[in-house]
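**Student:** Below you will find the structure I want to go over with you.
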Amino acid sequence: MTITNYLCNGIEKRFHSNAAAELLLNSVSERQGSRMDVRRSSLYSTLDLVPQLEHYARSLPHHRMKSRPSLEALRRASDIVLKITPKETLTKQVSNELLSTQVRCMLNIWGVILFLRLSLITSQAGILLTWLIILMSVTVTSVTALSISAIATNGRVISGGAYFMISRSLGPEIGGPIGMVFSFANALACALNTVGFAEVVRDLLQEFGVPIVDPINDIRIVGVVTVTVLLLISLAGMEWESKTQILFFIILLVSFANYLVGTVIPPSVEKQALGIFGYRSDIFVQNLTPDWRGPEGNFFELFAIFFPSAIGILSGANISGDLKDPATAIPKGTLVAIFWTTVSYLVISVTVGACVLRDASGNITDILVGNITDDCVGLGCQLGWNFTECAQTQTCEYGLANSSKVLGQLSGFYHLITAGVFAASLSSALGFLVSAPKVFQCLCRDNLYPYIGFFAKGYGKNDEPLRAYLLCYIIAVAFILIAELNLIAALISNFFLCSYSLINFSCFHASITNSPGWRPSFHYYSKWTALFGAVISVVLMFLFTWWAALTTFCIIFFLFGYVNYNKPEVNWGSSVQAGTYNMALSYSVALSGVEDHVKNFRPQCLVLTGPPNQRPALVDFVASFTKHTSLMICEDLCERQSRPQDATDWLLKWLNKRKVRSFYTPFTADSLRLGARHLLQASGLGKLKSNTLVLGFKANWRDSSGNQVSAYCMHTYTNINIHYHSNIHSFIRSPLFALLTADDISDKGDSDQIKTVFQNDQGKKTIDVYWIADDGGLTLLVPYLLTRRKHWHRSKVRVFIMGDEQNMEEGLLWSFQFCLFLSVLKRLLTSVPLFLLLLSLRRFVDSVAPFRLYDEQKEGVSIQELRQSAPWKISDKEFEAFKLKRKVRLNEIIRRNSQHAALVLVSLPVPHSDCPSALYMAWLDTLTCGLHCPAVLIRGNQQNVLTYYCQ
């Protein structure tokens, strides 16, 4: 089946028609990078196009999204020329990319471990356990490959490979650390394969008797020179790198064929001295079981050494930015590469284990003459060789357990295997040297971490990350200087296992959240296998090298904490967002079935802020007792004209920057009065519904028109009316409200972050509560919640109540039973000097004078006639009826007792149904004027929000 037919069949299954499949396939061809513009018109108009993939590319960074024709343009449609890309071109592109991805993955999997360590692993672990190690590694990599395939086919994957997949699936908090660690791991993998190459060159130099310095320094010198040459090839561009990789692939295939031919050639005496005897059942049986030796002689140590040979599965994904169709090339290329490389590892381990003894001296004189087998121990005796002495003294230099050159010695032509070692190590080193900078470049462009943007710059038509190449080169050189292959392999295993774990978890999390955006075209995966892959990867990390695993996780958590603290302004539509939505939805629905209880009451505030940045003090006050505790909704009532979307987004950012946990909703209504009434009834969802109304005091009420004053007071009236007409049970469900007033709160605001008094540390100042009326306890609950905040935790709460000594004792009892720990409880004295009372009364009378009718001075005119033009004004009868001296007296008491308070809370008087709005505003103004701190007028709805009973 051709790739084109495969694509067509897959598309037909989704769209159930050949015509629809053909349309989508043609649009895909435009995405593949064709130079011709693919624009197929619909049946309605030549300008009205069929669905175009480019119109849905909004989530790609730095991508200019193509726009659809407007409705007006469709009305004036004219003919356009349509050009279709031939399907043969698409087929050729996809086939070439599939082959390129497959070859790249195979070259990176066929690394230095295959030729230099597989024979040693087979010797110690035995054939059976070696197969188990291989199959366990393949299980992890295969499950990861399935997850990669699902993620890669869920949308366009640009440059960045595994980092791009994880970050766009789990968000920047997880993607950032993995991008950093994964880039570093690729640089280490480059060092690993370069050291392997240098070991072989060192052995050749010693074999020919021309060492450079000494064995360790020879590895360092050759490794640095080699990685420098590889860097130059990488800097030359992807074309040179691709041609070099093809050459390496051909050399590897020839070396494999050379090895298999050598296993069937009858061994010479020289080869037998090296422990090579061809296929023999007795050798095969002996090598089936393990023979642990040395400090690395245990299963998981050998597993850790072998596992880096399987890390090349991400090579295709790492160059996703250079692929025209990564959704096809990555899944098929990766899975095919895993299959053939697994077969090769299994074949080599079983063939070498069936042909080579574990110990051999390499000395031809150890051959047995005749049937003399005295003092001869081991399988070699049966084969005519006496390797007893070197085996017992552990001085054997040859054989499966001692020499890393076994594959070359067993092959038909030794130097072809050497060429294979060169090809495997250099191809893997080159592949990782190319992958690491591209991943790191993508990470740098996302600006998740400081000081790395320098490496984001690309050069040339292919946007080559030359600066990142140099950084990767420096890291590789640093680890090449260690010159210890096994140590580097253990570190790499942990880094890549961590990446595999996150890739699998990304697939699992995206599947489990049921997000509509999770639509991979690759269906051969399971969320449970992905979860298994994530868990087993973490387990293997600790089984391999526990200290390296802990180090890796410490690095991950540090990088995670940095990104999580800084909250980068990116929105990638991650599965974490989808999961958060699912959890919020589930808990909200579950909460709806839970009955309310007074012990769980929380003041869920609907705050009439208008644009929040214009009333920062009001926002900060409510946030002081709702943050991490209860609901806060900032409502912006707009009269007849809605708020622009960009302004809404900016105000949300303003709240987030101020670290206020609040919703913000602009609400358009024909009038402010009607809008407030609708808001009080409709705001919130289920049990997450506002029960407390908060609004700033209208300090300029005297200069406002009567209609404006009346509309403002209607917020309070409406709130009370809703309370009376709500379906009230024995639990708190009806609204509560509060009024905030302070001299430093103004209707004028600035777009900047203005610091308010509620953001300051209040020290040991007091919070004075004047509990005038028993409203259910809201007046006491709010100051208690304030003292739980950092800025208020040292403030003392003083409660003033009216009454005699008996009331004081009851108040103290309430304090302990409610567990509010009130610092001071005082009896409110009502005696005020006469001159102060007269001054306050004079101020009160002057404030309401502009709103009076003075109807008794106008004979022959009824009150109804006077109120036709000004219904909010106060008649003389109403003024005398509601002119209560106690409210005026209370203001003087508050001013005397709360001169040094940080905050004053006073029970809000309930307005009478026939009380004019101007008169009510004058009372509130008189009650709180002259204070040197913010004042809160607060009133519950006569339902309990506190209880001292346990049940």
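Backbone N, Cα and C atoms are what each Cβ position is placed from, and that goes for glycine too.
Note that TrEMBL annotation is computational and uncurated.
Keep in mind that this is a model prediction, so the values were computed, not measured.
Look at TrEMBL and you will find 102-606 tagged as domain 'Amino acid permease/ SLC12A'. Per TrEMBL, transmembrane segment is recorded for 174-198, 218-237, 246-265, 299-321, 333-354, 413-435, 466-482, 488-508, 529-562. The annotation domain 'SLC12A transporter C-terminal' is assigned in TrEMBL to 615-724, 755-950.
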**Student:** Taking 3+ C-beta pairs under 8 angstroms (sequence gap of 6 or more) as contact, is the transmembrane segment (299-321) in contact with the transmembrane segment (246-265)?
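**Tutor:** By the criterion, they do not touch.
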**Student:** How about long-range neighbours of the transmembrane segment (413-435): same chain, 6 or more residues beyond its ends, C-beta under 8 Å?
**Tutor:** 104, 107-108, 110-112, 114-116, 161, 186-187, 189-190, 192-194, 196-197, 200, 204, 226-227, 230-231, 233-234, 238, 241, 244-245, 247-249, 251-252, 254-256, 258-259, 262, 312, 314-315, 318-319, 407, 469, 472-473, 476
**Student:** So if I exclude everything within five residues of the ends of the transmembrane segment (218-237), which remaining residues of that chain have a CB under 8 angstroms from its CBs? That is, six or more out.
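**Tutor:** Answer is 190-191, 194-195, 197-199, 201-202, 205, 211-212, 244, 426, 429-430, 433-434, 437, 460, 462, 464, 466, 469-470, 473, 476-477, 480-481, 483.
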**Student:** What stretch of 246-265, 488-508, 529-562 shows the most Cβ pairs under 8 Å to the transmembrane segment (174-198)?
**Tutor:** 488-508
**Student:** In terms of Cβ proximity under 8 Å, which residues at least six beyond the ends of the transmembrane segment (529-562) contact it?
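**Tutor:** Beyond its ends, the transmembrane segment (529-562) has Cβ neighbours at 139-140, 143-144, 146-147, 150, 173-174, 176-178, 180-181, 300-301, 303-304, 307, 449, 490-491, 493-495, 497-498, 500-502, 504-505, 507-508, 511.
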